[in-house]
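K.L.:
I'd like to ask some things about the structure below.
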Amino acid sequence: MTRAIVFKNATLYTPGRTIRDPYMKITDLGQIASVGFADDLDAREEIRTVTFSTPARIVPGFIDLHIHGAANADVMDGTEEALGKMQRVLPAEGSTSFLATTLTQTPEEKMKALRVCRRVSEQTDRTGANLLGVHLEGPFISEKRAGAQPAQFIRKADIALFEKFQEASGGRIRLVTIAPEEDEEGLVEFLHESGVIPSIGHSDAHYEEVVRSIERGVRHATHLFNGMRGIHHRDPGTAGGVLLHAEIAAEVIADGIHIAPSMLKFAYRQKGADGIILITDAMRAKGMGEGTYQLGGQDVTVKNGQATLGDGTLAGSILKMNEAVRNMIAFTGCSFEEAVRMAAFNPAKQLGIEGEKGSLDAGKDADFVILDEDFEVLETYVAGRKVYG
């Protein structure tokens, strides 16, 4: 069985075309049966009509591959309540799926959080954003580029320890941030061969080391420019290696704080719309007011849109995905369609689920967000059910 929804005063964006005043047919399984012009529907069908008072844009739900927390909840709280709260609040910014992202902590704390991710992933009666798996950030990173990751818990690459993490998660670790220049164990190759994405990040790698890491299987970069060796005219560094190689998809935090708008424009011109993935790297203060919050046992002060440690080190963001899309357009001059691609299709493709998510095509999940002209979220749907608005 299918049900049809007509959206008046709205435009639906699908690959290669836009549909003014569209319809969407959704199956009982929460998948898209078809999309098209409302005028093409059979008048005898049962149709629900949604009319917007201001022009609206319907796009695929955003997929945040790097988020630690929101609404005073954090993945490392290690509770089902914290993850459940994140699932409930993320649709308000248009996120319909995400990877629960960990922080560098003791192996015991890490495994506690991973077991909770496993349990929440197994729940079938949940509502809100989809938990697609885990982004393991830390502990296999460089102390030189730790950033806000607690340095005392950083460890050398360790295949046996990773296997314990993966077992605790029930095989749900999809992405691992690693400093490949310090990987003497061959963890990068192990991840790549196991179907887990190795991501270069919190890394002090020189350019040549980046090139070698690509040969070993690195295909992703964790928050480009942040927590990595920068560009120098005699050593392109980690950032330069990421920018120069199309094999690597680069996460960016488009808040105008983590990356200067001009550098974001530089990255866009070098990588193109297909090579960039918008993320938030948000911590628990997202959606809260200014004040002091905790991140891995560290005090983080949120003021004037920035989250920082006592020494001024950036400690994640309070960015929302709809804001990232808006900022990317404003900072780089990319098109609306390109920015949406960076927030939806590109992360889906990176996870190998572009056949299920990332665009509004027949046969894919009915995960979509409706934005107004100012990029504010009007409604969000997950598997065809309205979860926000």
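From the backbone N, Cα and C atoms, a Cβ is placed for every residue, glycine too.
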K.L.:
With Asn226, Gly227, Arg234, His258, Leu314, Ala315, Gly316 listed by TrEMBL as binding substrate, identify the candidate in Ala146, Ala148, Ala151 belonging to that site.
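P.N.:
So, going by the record in TrEMBL, that would be Ala148.
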K.L.:
Would you identify which residue of His223, His232 TrEMBL lists as part of the Zn(2+) site it also attributes to Glu137, His202?
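P.N.:
The record-listed residue among the candidates is His223.
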K.L.:
Check the DSSP secondary structure of Leu314 (substrate binding site), expressed as helix, strand or coil.
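P.N.:
Note: Leu314 (substrate binding site) is in a strand by DSSP.
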K.L.:
Within the chain of Ala315 (substrate binding site), which residues six or more apart in sequence place their C-beta under 8 angstroms from its C-beta?
P.N.:
Gly147, Ala148, Met283, Leu295, Gln298, Val300, Ala307, Thr308, Leu309
K.L.:
Where does Glu137 (Zn(2+) binding site) sit by DSSP, helix, strand or coil?
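P.N.:
DSSP assigns Glu137 (Zn(2+) binding site) to strand.
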K.L.:
Tell me, how many other CB atoms lie within 10 A of the CB of Leu314 (substrate binding site), whichever protein chain they belong to?
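P.N.:
20, counting other Cβ atoms within 10 Å of Leu314 (substrate binding site).
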K.L.:
Excluding near sequence neighbours, so keeping only residues 6 or more apart in the same chain, what lies with its CB under 8 A of His223 (Zn(2+) binding site)?
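P.N.:
For His223 (Zn(2+) binding site), the qualifying residues are His66, Gly201, Glu251, Val252, Ile253, His258, Ile279, Asp281.
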